[in-house]
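Asks: Take a look at this one; I'll ask things after.
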Amino acid sequence: MSGSRCARLGGPLVRQLLDSVDSVLFDCDGVIWRGDQAIPGAARVISLLKQRGKKVFFVTNNSTKTRKMYADKLSSLGFDAAEDEVFGTAFCCAAYLRSECGLRGKVYLVGSDAMRQELEAVGIQAVGVGPDPVSGKQLDWASVPLDPEVQAVVVGFDEHFSYMKLNRAMQYLTQKDCLFVGTNRDTRLPLEGGKAVPGTGCLLQAVETAAQRQAQTVGKPSRFMFECVARRFGLRPERCLMVGDRLDTDILLGSACGLKTLLTLTGVSTAAEAAAHRDSGDDERRAMVPDYYVESIADLLPALQGEDDPSL
């Protein structure tokens, strides 16, 4: 392995790294696809890794799709992927509430219909999905009707987020026994052409501010995201590689869980940002430094195909 973190991966190091792992975890957007377009060469990389006996998993903070929806998208883009290889925050949130919290009641869900489906798949009923317009006066808002069976507030991405949803979540969370769970803290969702829209973290921070409580998050960089995969497939952290495009989620998760880490420059973070973290002298920032980086995961193809990389 390289003696210096944040090294450009190439040449013999590629084979050395791949030989040192049994499982590879990929973030999705910005790593294997952008929007509805696959990253060139990404599907071939996935296929060759599997042919070499590697376990491959897709780990995403996006909570707007079920595992099946993600598997369908992967298939439509030419990827060899099965539903049980996909771990999104909708699925992991449901797993957390059921296995870690032992929740048996309902949840008030600020989130998507996909999240509702994943919750109901493990026997948890969700209320609150869809628009919730404001009506009445402020005193009415403070006394908004609440479902007595709700035992948790869950916040994911919700295109219908509104003042009334914020208020209703706050009213539930004034009950001290009400659990509070968020999918992730990503504040911006990058789009093609350098554009971006507010992410789930913005909605979660609003609810936290109103409720004066902090949520437990399950998405990257939370260790639970990796544990959700590891427990089901018996993964050994030291034999896993995390591949991502964000230092503050993908790489930080890998560092926290003892995985090898690879940054790809087809998404959000840059090699310059990683190097600045490495040279900062700050331990928290250094936790976001990848072991290696590549321009694209297609850079792994020569080694996987048994070829020499003539550029190195």
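Even glycines carry a Cβ here, placed using N, Cα and C.
The following feature annotations were taken from TrEMBL:
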type     : residues             : note
ACT_SITE : Asp27                : active site, proton donor
BINDING  : Asp27, Asp29, Asp245 : Mg(2+) binding site
ACT_SITE : Asp29                : active site, proton donor
BINDING  : Lys220               : substrate binding site
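Set these features in their place in the structure for me.
Replies: Residues near Asp27 (active site, proton donor) in space but far in sequence (CB under 8 A, at least 6 apart, same chain), listed by position: Val59, Thr60, Lys220, Val243, Gly244, Asp245, Arg246, Thr249, Asp250, Gly267.
Around the Cβ of Asp29 (Mg(2+) binding site), the number of neighbouring Cβ atoms within 10 Å comes to 19.
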Asks: At a 10 A cut-off on CB-CB distances, which of the binding-site residues Lys220, Asp245 has the highest count?
Replies: Lys220
Asks: Which residues, in sequence order, are found in the same chain with Cβ within 8 Å of the centroid defined by the Cβ atoms of Asp27, Asp29, Asp245 at the Mg(2+) site, excluding those residues themselves?
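Replies: Other same-chain residues near the Mg(2+) site: Cys28, Gly30, Val31, Ile32, Thr60, Gly244, Arg246, Asp250, Thr264, Gly267, Val268.
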